[in-house]
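Peer 1: Mind looking over this structure? Questions follow.
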């Protein structure tokens, strides 16, 4: 299973380094073999540890150049970073990234062989228009994206659930993941108010290959517990 922490614009460089060290220690002590990713704020980028892959929340599709306020692959190379989040709802709806710009970014980092966690999901007003309209909206986010890319991970994140404490029902998550699984064989994560009190149920659902965790991941002990839950569920599934 895949457990990913999006730390967003939180923590300092010192606190991020401590966070990753604590996660690494926990994974070692508990023999956890799941894929674990941490996406720190840009100023806090550091190299991956043995069991924690550090990725970029965002980067401009360039090696370097005159792109004020951005970072490019040259800056990521310094830390050996080869993993990136693309299409997160906050990049789409707060920063204003368009599907066309995301396609350019996706293709640039795909051509460099990056592992890409590509995010899709619907805002509340689209969800309220009904299931068919919701799936049309989500399907449009696949346009121009190579869904067969071998280093692709997809994260479904209902925009209305992010940071609100609201979550779809387990049955809703299961149903949507089933439909999205038909679009790509890539691992499919769930994101959207994932927390330590609901993650075990979410991870146990058919079609859920892991979780992308936001604010709840800021509590390192909670994130570590989520990693342990994933390990236990993975072991249980392998016995079936």
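All residue numbers here begin at 1 and follow the chain in the order shown.
Cβ atoms here come from the backbone N, Cα and C positions, even for glycine.
Heads up, here are the entries from Swiss-Prot:
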{"type": "BINDING", "residues": "6, 7, 8, 163, 193", "note": "substrate binding site"}
{"type": "ACT_SITE", "residues": "88", "note": "active site, electrophile"}
{"type": "ACT_SITE", "residues": "157", "note": "active site, proton acceptor"}
Peer 1: Is it possible to get the count of other C-beta atoms within 10 angstroms of the C-beta of residue 6 (substrate binding site)?
Peer 2: 26
Peer 1: Are there any residues at least 6 positions away along the chain from residue 8 (substrate binding site) with a Cβ closer than 8 Å to its Cβ? List them or say none.
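Peer 2: For residue 8 (substrate binding site), the qualifying residues are 41, 57, 90, 214, 215.
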Peer 1: For a quick check of understanding: given the listed substrate-binding residues 6, 7, 8, 163, 193, what is the maximum Cα-Cα distance in angstrom, as an integer?
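Peer 2: Across 6, 7, 8, 163, 193, the two farthest Cα atoms sit 14 Å apart.
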Peer 1: Quick one: of 157, 163, 193, which recorded positions lie within 10 angstroms of the residue listed as 'active site, electrophile', measuring between C-alpha atoms? Sequence order, please.
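Peer 2: Of everything listed, what lies within 10 Å of the residue listed as 'active site, electrophile' (Cα to Cα) is 157.
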Peer 1: For a quick check of understanding: among the recorded positions 7, 88, 157, 163, 193, which residue's Cβ has the most other Cβ atoms within 10 Å?
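Peer 2: It comes out as 88.
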Peer 1: According to DSSP, collapsed to three classes, what secondary structure does residue 6 (substrate binding site) have?
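Peer 2: For residue 6 (substrate binding site) - judged by DSSP and reduced to three states - the answer is strand.
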Peer 1: Please report the distance from the Cα of residue 163 (substrate binding site) to the Cα of residue 157 (active site, proton acceptor), rounded to the nearest angstrom.
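Peer 2: So the Cα of residue 157 (active site, proton acceptor) lies 11 Å away from that of residue 163 (substrate binding site).
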Peer 1: For residue 6 (substrate binding site) and residue 157 (active site, proton acceptor), what Cα-Cα distance in Å is obtained after rounding to a whole number?
Peer 2: 12
Peer 1: Sorry to bug you, but what's the C-alpha spacing from residue 157 (active site, proton acceptor) to residue 193 (substrate binding site), rounded to the closest Å?
Peer 2: 9
Peer 1: Just to verify a number: CA distance, residue 7 (substrate binding site) to the residue listed as 'active site, proton acceptor', in angstrom, no decimals.
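Peer 2: Rounded to the nearest whole number, the Cα-Cα distance is 16 Å.
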